[in-house]
Amino acid sequence: MTRGPVDATTTDAWKALTELRGGFEPDLRSWFADDPGRASRFTFEAADLFVDLSKDLITDDLLAALLALAEQVGLESRRDAMLAGEHINVTEDRAVLHTALRLPASASLVVDGTDVVPAVHETLAKMYAFADRVRSGEWKGVTGERIRTVVNIGIGGSDLGPVMAYEALEPFRHPEIECRFISNIDPTDAGQKLKGLDPATTLFVVSSKSFSTLETLTNARLARTWLLDALGDDVDSAEAVKKHFVAVSTALDKVADFGIDPENAFGFWDWVGGRYSVDSAIGTALAIAIGPERFAEFLGGFHAIDEHFAKTPLAQNVPALMGLLNVWYVNFLDAQTHAVLPYSQLLHRFPAYLQQLTMESNGKSVRWDGTAVTTDTGEVFWGEPGTNGQHAFYQLIHQGTRVIPADFIAFANPAYPLADASDGQSIDVHELFLANFFAQTQALAFGKTDEQVRAEGTPEHIVDARVFSGNRPTTSIMAPALTPSVLGQLIALYEHITFTQGVVWGIDSFDQWGVELGKQLAVQISPAVSGDMSTARQQDTSTQSLIAYYREKRQ
Ligand code: F6P
């Protein structure tokens, strides 16, 4: 039975946090100067992740109050309910079990009367066997050629995870198979991604949990037409679709209706949310790219953090601590956004991936019992890899007027260990890169005082412009290298951070009703866009005028 949420704002811990906020004057300079143990006391490890919270705006009292808050809202019991398969996705009456996707085959988890682990591993085995056949060239297209390009067609969780991980794990990819990703219903996306492809060597993976998403089905139909037109009349079209299309979905009946052989379909379950599905068969394109062994390591990384989240006391539990800190920033320090700044070019899609994970999960105004939230929820997650961001938006993080908590992510070992030897001495470029990573969090924490600025001989009238206030909160996350396992660990870390915040706010982090209205209206408006005047006249005057402009200008 799902219990109603505790209103966090009525707890003693919230009162304690409110009091702490009252007299709160963050001073990272003194906090570090007066407390040599600060860095080690606020640094935690979870599997391969080394997480330094010491440059966050945190004190021992504050941490104690946040831990009390976690206890008073029942974070651990809600976590245990999720891991046990209770229907904590209340509005959809579903279990939330992405963690089951990465359980070892020896585990058992009975949900609604069925052990889900054997089915998870059966599907993995089927996906792995398929990936091996494509990788080895055994899987042939309709003309007998091996597959050289895999095109994933999906959107949201059926795209963002696979594309992000494909980019992140580039050094582990099969050298002769390229993956492309079509997501947008903007025909430019399909047009660009299909350009230059040889249909005889192209395989489409249609990824859609519901198999009813307008964008994905439209793009899948475009791809099917493109394939059959390009292959010509000599080829049997049913056979061509069979050899060049596979699907991933929970709706296998709809997959069959599309014409895809159910033998070539990989299933998953309604207890896997779209944004939590990269570790299900939705990762098929990724499994082809990096191979089953690496995919299994990826799942192992998720599982290591699941274990940490499930079993580590909250005072050392990294996802719980980071989630609680985010609550502090959002609800007490008025942070509205949260930056994620990977010092890894390979993670260039990670912030976009986290946008769906965090914002689709926690952008809610109603709690899981249907009552209104009692405090702000959600933050805008955003970011770009360093050092590119340094030359774009870091100015605002350093000297702007808003609190922007930022997660800095870096790896000890580079994927490409290049040295710059042009000046006679060899410079390890990764070290230059990391020097920036270390420097930025230092600058944000400790700033630069007016005395320091004056001591540099700065003219008085520009002293203030060159002062850095410091006390800008950052979390540093490091790992030995960006391996499949470490990527899985990072994703699971953010999944559980998101969960922690959702529990404090009392919201269902696993539904996404907020995306429905726009979808419905698009279907209703569509005839007006094509010239149906009676539908056009039913629209508001702004929409009528915009459609009229479109119809006038469209050639
Ligand atoms: O944007 C809403 C959403 O339902 C996401 O949650 C989901 O990841 C995406 O659409 C794609 O859905 P599907 O996998 O069913 O095509």
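Using the three backbone atoms N, Cα and C, a Cβ is placed for every residue, glycine included.
According to TrEMBL, the active site, proton donor annotation covers Glu360. Summarising the annotation, TrEMBL assigns active site to His391, Lys519.
The structure, with features from TrEMBL marked on it.
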| residue | record | contacts (Cβ under 8 Å, 6+ apart) |
| --- | --- | --- |
| Glu360 | active site, proton donor | Gly156, Arg275, Gln512, Gly514, Val515 |
| His391 | active site | none |
| Lys519 | active site | Leu214 |
